Amino acid sequence: MSPSFSVRPTASVWSRSGLIAHVDLRSHENNLAHRTREIDRERLIVRRGQPFAITLQCSDSLTPNHHLEVVLFPRENNTRDEQREARDKWWFDQQRAQDEIVLTLHSPPDAVVGHYRLAVVAKSPVGHVVDKADKMGFHLLFNPWCKDDVVYLPDERLLQEYVMNEDGVIYMGASDSIRSIPWNYGQFEDYVMDVCFDVLDNSKDALKNPKADTENRSDPVYVSRMITAMVNSNGDQGVLTGRWEEPYSGGVAPYRWTGSVPILQQWSRDGAKAVKYGQCWVFAGVACTVLRCLGIPTRTITNFSSAHDVDGNLSIDILLNDKLETVGKKDSSWNFHVWVESWMRRDDLPKGNDGWQVLDPTPQELSEGEFCCGPCPVAAIKEGDLAMKYDAPFVFAEVNADIIYWMVGPDGQRKKVTSGVGKSISTKSVNGDFRQDVTLHYKYPEGSTKEREVYEKAGRPVADSTDGNAEPGQLQLSIRHAKAVFGTDFDVIVEVHNGGSKDAIAQLTILAMAVTYNSFTRGECQRQATSVTVPGHKTHKEVLRLRYDDYVKCVSEHHLIRVRAFAVVPGQDKPVMTVANIPLNMPELLVQVPGKAVVQEMATAHISFANPLPVPLRGGVFTVEGSGLLSATEVHVKGDIAPGQKVSVMLSFSPRRVGVRKLMVDFDSDRLKDVKGVATVVVRKRHFISGVY
């Protein structure tokens with residue numbers, strides 16, 4: 001029996017004579033072999049470049065003289081040229097045993113990803129169609145386990161983390177006070193894969209030119225770039241609308257999300273209507289979900305002291321008036337910014353640009369007319385190769401732009417007072433829920449010869465080693481603080497060190513203000529001005545007491561206090577300033593799941609929390625979710641929570657999938673928001689004994 005592979009127009013009419021009684025797509029064993037069993041056990045989901053087998057039940061009338069043909073329909077409206085191309089690349093072989101024929105299908109490692117419809121056709125020896133089995137289909141994904149796929153990643157530990165892991169950690173806060181939140185990627189939750197392909201189908205490129213879009217879906221560079229455009233809703237039918245300040249009316253505040261699945265489900269349920277609201281870590285979390293689901297290894301990345309360079313001069317100029325208030329703002333420095341990296345080979349670029357690629361779905365600047373960013377090789381950023389596609393100058397500025405503070409006098413003259421650059425670039429380690437610093441992937445060691453060479457190559461001015469710091473004999477400022485917990489009073493200590501031999505008299509101003517993570521000022525918390533005398537080679541300590549009653553009036557939902565200390569010495573032309581960002585830590589939320597968790601059997605989560613504030617909390621609500629455990633569920637607290645009062649809730653659920661899972665909880669109320677908790681749950685299989693569970 002001779003085999004053949006082709007693609008046919010979708011409008012064909014077929015007769016049936018019972019020669020092919022049944023076709024078994026063998027979804028269970030194929031999905032297990034292709035590592036897609038977590039997505040679905042009933043539907044066939046396979047990865048490109050890896051064979052899969054289907055079984056035909058045939059009647060005795062199907063003789064070796066008959067001809068079998070496998071017909072694929074990758075997408076609607078394919079031209080005959082596309083059909084011929086698919087036929088040339090796909091192939092199958094067959095093996096007969098009794099009344100069964102096993103067909104092993106082979107897809108090329110650069111096949112188009114997406115949904116395929118499948119038919120098996122039997123033809124007579126003279127070429128007439130005598131039977132057909134159709135109404136079958138499967139999904140094809142990228143294959144990072146296949147060495148010929150451009151997303152191939154030759155490390156099983158990394159694949160388990162960056163493709164298969166549904167739970168993650170996203171880093172936030174400040175470079176000297178890094179905190180993390182758990183995130184439920186949930187890429188294998190029910191029908192998430194379908195939503196991911198819907199995201200691609202609703203892109204402007206897909207709607208404008210389906211033929212070209214189909215051709216390009218073999219390329220992870222194209223697909224990942226479309227994802228960065230579609231995760232935000234700027235200018236298209238994207239998933240998330242961004243908003244960076246309260247109120248968040250008509251939607252969900254960004255800090256309330258604990259995972260991507262409810263966002264994607266709501267977008268799909270509402271007919272591709274944007275979900276409100278997201279900020280950078282939410283955009284990145286959703287993008288990571290979609291890319292991992294499609295088979296592209298992906299991880300979230302946090303850059304602290306991240307620059308947003310509007311004018312492209314690789315300098316973030318922040319102007320301050322004599323009250324230390326920001327004026328004339330264009331460029332900005334974000335306390336942190338989150339994007340994703342995806343792993344792929346870049347055949348479209350010169351050698352040396354393979355590996356991790358920056359992709360940023362947060363809408364900041366237009367790229368070729370769209371709000372998207374990347375993929376940009378991390379290697380190109382480190383080497384200062386700003387001509388590499390895509391958006392290398394913007395990404396380079398995020399991690400390398402000089403952040404310069406200028407004092408603007410009444411006459412308009414500027415004086416440089418301090419500077420800083422991006423640092424502590426972080427991601428979750430493959431070895432557990434702790435931080436891995438990847439700064440050296442993006443830049444050479446600070447002060448090194450290679451760093452200077454890269455700066456010169458990229459056109460960034462190389463700062464003088466004394467720039468922004470005290471010169472010999474000048475004062476030096478530093479800011480220290482104990483762990484600051486939201487709801488408590490705490491001290492900020494400004495140390496004034498005199499490096500000279502003579503006494504120094506300075507006018508010291510300390511300003512504490514509430515800001516958002518992307519540097520929008522929400523209000524002044526406290527200001528203190530005093531004259532200090534610092535003996536030669538000595539250090540003076542000035543204490544600023546920050547009280548809850550002062551900062552709660554203006555603190556943002558990001559719970560961030562920015563302190564500026566500014567010193568002027570009469571007779572010295574250059575003032576001295578230092579800046580510290582102080583994240584206010586949230587109280588602990590305790591999550592426990594006692595006993596053993598068994599798949600499809602009831603388990604109970606115990607969640608407890610004590611109000612740390614000196615005021616009652618109203619409208620308390622816990623949001624609970626976890627991949628393989630339960631969908632996002634809200635538990636409302638009845639009545640007010642008094643100061644110091646402990647509230648406990650119990651939630652029963654039935655785990656859906658075995659394995660190590662994470663149960664994630666968020667608590668929000670009128671005065672206290674963004675309190676997170678997480679518990680690890682090991683879900684075991686059910687055991688059968690004499691027909692009884």
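Cβ coordinates are placed from backbone N, Cα and C, and glycine is handled just like the others.
The shown structure was predicted, so the numbers you read here are calculated from the model rather than taken from an experiment.
Sequence annotations record features per position, and here TrEMBL assigns active site to Cys280, His337, Asp360. According to TrEMBL, the Ca(2+) binding site annotation covers Asn400, Asp402, Glu446, Glu451. Residues or ranges marked as domain 'Transglutaminase-like' in TrEMBL: 272-363.
Known features from TrEMBL, placed on the structure.
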{"residue": "Cys280", "record": "active site", "Cβ within 10 Å": "28"}
{"residue": "His337", "record": "active site", "Cβ within 10 Å": "26"}
{"residue": "Asp360", "record": "active site", "Cβ within 10 Å": "30"}
{"residue": "Asn400", "record": "Ca(2+) binding site", "Cβ within 10 Å": "22"}
{"residue": "Asp402", "record": "Ca(2+) binding site", "Cβ within 10 Å": "22"}
{"residue": "Glu446", "record": "Ca(2+) binding site", "Cβ within 10 Å": "9"}
{"residue": "Glu451", "record": "Ca(2+) binding site", "Cβ within 10 Å": "17"}
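Here nothing among the binding-site residues Asn400, Asp402, Glu446, Glu451 falls inside 10 Å of the CA of Cys280 (active site). Mean per-residue pLDDT, taken over the domain 'Transglutaminase-like' (272-363), amounts to 90. The Cα of His337 (active site) lies closest to that of Asp360, out of the recorded positions Asp360, Asn400, Asp402, Glu446, Glu451. Straight-line distance linking the Cα atoms of Asn400 (Ca(2+) binding site) and Asp360 (active site), rounded to a whole number, equals 16 Å.
Between the C-alpha atoms of Asp360 (active site) and Glu451 (Ca(2+) binding site), the distance comes to 24 Å.
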